Amino acid sequence: MAGRSGDSDEDLLKTVRLIKFLYQSNPPPSLEGTRQARRNRRRRWRERQRQIRSISERILGTFLGRFEEPVPLPLPPLEKLTLDCNEDCGTSGTQGVGSPQILVESPAILEPGTKE
């Protein structure tokens with residue numbers, strides 16, 4: 001079904017049915033009552049929806065074998081990043097595409113006492 005080998009489609013369908021049941025167990029709030037009562041019902045409904053979404057993500061993550069949190073990508077310090085367009089940058093839509101240039105020393109843009 002989803003291009004996986006080893007997992008049965010029946011297990012995936014059971015998982016999807018379970019998630020569908022969770023969402024169906026929380027119908028939208030009624031439109032009756034005072035403004036404050038409606039607001040409270042909507043607030044509680046949205047909170048339940050958030051809980052159902054969280055539970056559904058955990059169920060699918062467990063079934064599909066995914067990590068709960070994405071692995072953070074290590075980035076170099078921002079102080080060492082610079083945009084360097086001294087080389088041929090190109091003008092046909094590829095401008096700004098490429099790997100960032102990392103300098104050992106960050107250059108001083110305006111030295112003390114210099115004027116533009």
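Backbone N, Cα and C define each Cβ position, glycine as well.
For SER5 (among others), the entry in Swiss-Prot reads phosphoserine, with the evidence type sequence analysis.
Annotation source Swiss-Prot lists phosphoserine at SER8 (among others), citing sequence analysis. Mapped onto three states, the DSSP output places SER8 (phosphoserine) in coil. Neighbours of SER8 (phosphoserine), defined as other CB atoms within 10 A of its CB across all chains, total 10.
The region 'Homomultimerization' (18-26) scores a mean pLDDT of 92 in the predicted structure. Positions annotated as region 'Homomultimerization' by Swiss-Prot, on the basis of sequence analysis: 18-26.
The motif 'Nuclear localization signal and RNA-binding (RRE)' feature in Swiss-Prot is assigned to 34-50. Per DSSP, the secondary structure of the motif 'Nuclear localization signal and RNA-binding (RRE)' (34-50) breaks down as 16 helix, 0 strand, 1 coil.
Tertiary neighbourhood of the compositional bias 'Basic residues' (36-47): same-chain residues 26, 28-30, selected by CB-CB distance under 8 Å and a gap of 6+ residues from either end. According to Swiss-Prot, the compositional bias 'Basic residues' annotation covers 36-47.
For 73-84, the entry in Swiss-Prot reads motif 'Nuclear export signal and binding to XPO1'.
Swiss-Prot lists SER92 (among others) with the feature phosphoserine.
The feature phosphoserine is assigned by Swiss-Prot to SER99 (among others).
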